[in-house]
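**Q** Following this message is one structure expressed as structure tokens.
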């Protein structure tokens with residue numbers, strides 16, 4: 001079987017230019033020195049780095065932990081406030097009138113720029129409104145808003161008074177919303193009359209009403225932001241529902257709210273993520289360690305400079321939006337672009353228009369978006385300038401080498417380093433990444449660990465793989481890091497069982513990885529996405545990377561399905577680029593490519609031409625659904641309303657039924 005790294009990387013190393021290195025926030029030499037210190041003397045390293053934040057009171061101990069039993073405390077006894085670190089610290093400096101949030105609406109004619117002082121003023125006022133409705137330190141506030149500035153203002157206002165925010169992505173169904181309300185038991189809900197996505201209205205207030213009707217929890221207060229202005233279809237309950245703008249315009253409302261002094265280990269937010277059991281997990285993050293992780297990674301990974309305009313395309317409903325649209329940028333005094341729309345509206349040049357409109361210097365997006373835009377060709381890109389860009393980033397899933405090369409050549413014009421970042425909702429901040437002026441990149445590799453992070457590969461018996469050279473295993477983290485989650489909200493047992501029980505003494509990420517001869521890490525996909533073919537473990541990401549090497553293929557998703565002889569067979573869903581005709585010749589080409597790049601053991605048993613893939617609105621492929629369809633199970637697919645395009649599922653089922661007949 002050929003070296004499987006051939007699938008994940010073209011054999012080349014891309015080093016930063018001399019100019020980029022000269023001006024970078026860190027050199028390779030300094031990275032190695034600081035990384036060594038962060039592992040060998042974490043107390044000294046993190047005590048020094050924690051001074052990046054403003055503390056009302058210093059901690060009594062940097063770190064205490066019983067890691068194998070999932071018990072970790074950072075900066076215990078230290079007092080700070082997140083909104084103070086994101087806003088107050090800047091308004092007595094020249095940053096007061098610097099753009100903090102640059103908002104671009106779904107409709108290209110709509111935009112707003114809020115300075116640090118603007119955001120500070122709005123956050124203080126809304127914090128006082130929350131207090132007026134009885135929200136106290138430790139209470140939960142559920143936030144179900146579109147990507148508008150009021151979303152950032154709301155979560156910062158929660159942090160100001162010590163309330164725990166739980167943002168639910170605006171694309172989730174009333175049922176999904178209800179399950180989160182039942183779990184976190186919020187004192188108050190903040191929503192909007194509706195929103196816009198791709199030129200189409202989306203229901204928000206109506207979904208909240210439906211969720212509250214079915215919920216066991218009796219939420220007494222719903223604050224509604226006016227976004228669409230369409231009140232005709234709204235159901236309004238006096239004494240429960242209140243307009244945001246009406247409350248904010250109250251002349252008696254105080255313009256200042258004293259920030260609550262929070263212990264470093266006080267809860268900051270709950271963010272729900274999918275669990276293997278189907279019930280969403282409320283990932284709980286705390287104040288000090290999380291903010292330090294977001295702050296420090298943002299500074300080094302994105303090589304941020306005072307004059308930069310930075311754009312993370314993620315929705316705040318996901319952890320990437322929390323850490324790298326709000327908390328990381330604002331605690332560093334950066335200008336952060338916030339985008340309500342989608343990359344394809346009003347046309348496939350929208351991302352590039354926004355970059356040119358605001359002179360974006362740093363652009364952070366997902367491989368799914370990159371591949372979708374690759375499919376549209378170069379016409380939209382050639383009409384744009386894009387010369388303001390100096391750094392590109394990728395997040396959410398491994399980026400296949402073809403997409404990496406396209407991104408580097410066509411968007412970065414061959415001059416912008418790409419930081420391919422690996423991390424999770426649970427980790428809070430970036431864990432494995434290139435530092436752009438220090439670490440040479442390899443297309444498809446997340447590269448090396450960030451400070452304080454000890455990634456290890458563990459075999460199925462729980463033994464750490466220490467061999468030099470190229471090895472594969474289960475990706476685990478050895479030892480605590482500041483921004484790690486502290487628990488599953490309301491379910492401490494589940495926290496230990498999910499992350500610490502499988503490999504004793506390690507945090508198990510759920511991902512498989514390969515470490516090459518240079519120590520670079522290559523994420524090979526979820527371990528539950530590994531297909532066991534005749535006793536051979538085949539990573540779905542490896543087969544997918546081989547399939548998308550073909551110039552006709554836009555995207556591929558590979559899952560296992562029951563096979564009478566092999567135990568599991570390989571089922572490949574393949575989406576082709578526009579204008580490409582699907583036929584047996586192309587099918588044979590794809591099978592041949594997989595055989596050539598991995599081996600005959602990895603050849604797909606089925607190639608299913610797919611009009612699209614079922615994805616969440618954040619771009620995550622729902623492999624659970626694909627596995628069921630591949631196995632001929634068309635019932636019990638779960639709530640598909642959260643998908644970006646639910647109709648894709650029905651089309652895939654119809655195609656599969658034709659195969660059977």
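Every residue gets a Cβ built from N, Cα and C, even glycine.
Below, the features straight out of Swiss-Prot:
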- 197, 198, 199, 200, 320, 534: CoA binding site (BINDING)
- 396, 397, 398, 420, 421, 422, 423, 424, 425, 511, 526, 537: ATP binding site (BINDING)
- 548, 553: Mg(2+) binding site (BINDING)
- 620: N6-acetyllysine (MOD_RES)
**Q** Of all the binding-site residues given, 198, 199, 398, which residue's CB has the most CB neighbours within 10 A?
**A** 398
**Q** Using C-alpha atoms, which one of the binding-site residues 199, 398, 423, 425, 526 comes nearest to residue 548 (Mg(2+) binding site)?
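**A** With Cα distances computed to residue 548 (Mg(2+) binding site), the winner among 199, 398, 423, 425, 526 is 398.
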**Q** Just give me the nearest neighbour of residue 320 (CoA binding site) among the binding-site residues 398, 421, 526, 553, Cα to Cα.
**A** 421
**Q** What does DSSP call residue 425 (ATP binding site) in the simple three-state scheme?
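**A** The residue in question, residue 425 (ATP binding site), is coil (DSSP, three-state).
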**Q** Quick one: Cα separation, residue 423 (ATP binding site) versus the residue listed as 'N6-acetyllysine', in Å?
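**A** Just about 14 Å between their Cα atoms.
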**Q** Using a 10 Å radius around its CB, how many other CB atoms surround the residue listed as 'N6-acetyllysine'?
**A** 17
**Q** Just to verify a number: CA distance, residue 425 (ATP binding site) to the residue listed as 'N6-acetyllysine', in angstrom, no decimals.
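**A** Per the Cα atoms, residue 425 (ATP binding site) and the residue listed as 'N6-acetyllysine' stand 13 Å apart.
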**Q** Need this for a regression test: binding-site residues 199, 396, 421, 526, 553, filtered to those with Cα within 10 Å of residue 620 (N6-acetyllysine). What's left?
**A** 396
**Q** Excluding near sequence neighbours, so keeping only residues 6 or more apart in the same chain, what lies with its CB under 8 A of residue 396 (ATP binding site)?
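**A** Sequence-distant Cβ neighbours: 320, 366, 367, 368, 618, 619, 620.
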**Q** Just to confirm: which same-chain residues, 6+ apart in sequence, have a Cβ under 8 Å from the Cβ of residue 526 (ATP binding site)?
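**A** Residues satisfying the criterion: 510, 511, 512, 623.
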**Q** Inside 10 Å of the Cβ of residue 553 (Mg(2+) binding site), count up the other Cβ atoms and send me the figure.
**A** 24
**Q** Going by DSSP, give the three-state secondary structure for residue 620 (N6-acetyllysine).
**A** coil
**Q** Do me a favour and check the Cα-Cα span between residue 398 (ATP binding site) and residue 200 (CoA binding site); whole Å is fine.
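**A** Approximately 30 Å lies between the Cα of residue 398 (ATP binding site) and that of residue 200 (CoA binding site).
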**Q** Do you know offhand how many angstrom separate residue 200 (CoA binding site) and residue 421 (ATP binding site) by C-alpha?
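**A** Roughly 32 Å, rounded to the nearest whole number.
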**Q** Whole-number answer please: how many Å between the C-alpha atoms of residue 421 (ATP binding site) and residue 199 (CoA binding site)?
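**A** Pair distance, Cα basis, whole Å: 31 Å.
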